[in-house]
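Have a look at the structure below before the remarks.
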Amino acid sequence: MESAFVAQSDFLQYGDAEASKMQIGYGNYGCSHYRRRCKIRAPCCNEIFDCRHCHNDVKNGLETKPLDRHDIPRHEVTKVICSLCDTEQDVQQDCINCGVCMGKYYCSKCKFFDDDVSKNQYHCDECGICRTGGKENFFHCNKCGCCYSMLMKDAHRCIERAMHHNCPVCFEFLFDTMRDITVLPCGHTIHLECLREMEQHCRYSCPVCSKSICDMTGLWKKLDEEISATPMPETYQNKMAWILCNDCGANSRVQFHIVANKCLSCNSYNTRQTRGGPAASCPSRMTEIIS
């Protein structure tokens, strides 16, 4: 019994020591992007940075010559520097010198460290990077080439490599952005804060394909009322125009109105005029064709 008691005591001391290493310096190191207890040596320029985002911000800044600008190849990082003892070493979770844990979350594939595990980080092999939010809450769409919320699994519209492009508003690359992303009904992706900024400026169509980004039925009814209250001058009362609907893709020949032109197929006012309109804006022959 005595020997068993000693062995258990030793185990508890070992466990306490490991827990201590997990906590030493926790939350006191890192940068504005991540809390972590190490820095990285960039394999591209051999300089030391807190994280890859810090590197990219500096190396792509306006003060850097255009020909010298570059992003760090994140998967090629081989050396890290412990923030507590400054020991440079191969990429690993625990420092080989002082034994401190350099990141409670550690991914050997991405060479990624983060002490803030409340993000529920997980590595997606298909994406090839670490993501946040918990693996159980996301699925990887092979056609779109990215992870989406499980809530969208049976409802999202697939678009080839949907997130492998820049945000259509701010032009930041979406695939590995740290900001929240939303998927529009048309399937195109955009930063959530960029979408909200669009809405503040009364822009309700996708910047990529021009389809409506939400249910516009209420606005269409208001436009019906506005058009009824705004009769066209006699000169234009019988004027016809061809329109293309951005929502359903139908072409329609409608009575021209200066306020808006309604799609005859889906009743949307999200349309663009392709031919017709005021006679002064059209060649005489075209006027004869569309009148």
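Including glycine, each Cβ sits where the backbone N, Cα and C put it.
Taken from TrEMBL, the feature domain 'CHY-type' applies to 24-100.
Annotation comment: TrEMBL describes 102-166 as domain 'CTCHY-type'. For the domain 'CTCHY-type' (102-166), DSSP puts the residue distribution at 9 helix, 21 strand, 35 coil.
Annotation comment: TrEMBL describes 167-210 as domain 'RING-type'. Cβ atoms under 8 Å from those of the domain 'RING-type' (167-210) belong to residues 33, 53, 127, 129, 144, 146, 148, 152, 156-159, 216, 219, 246, 270, 272 of the same chain, restricted to positions at least 6 beyond its ends.
Along the domain 'CHY-type' (24-100), the predicted structure has mean pLDDT 95.
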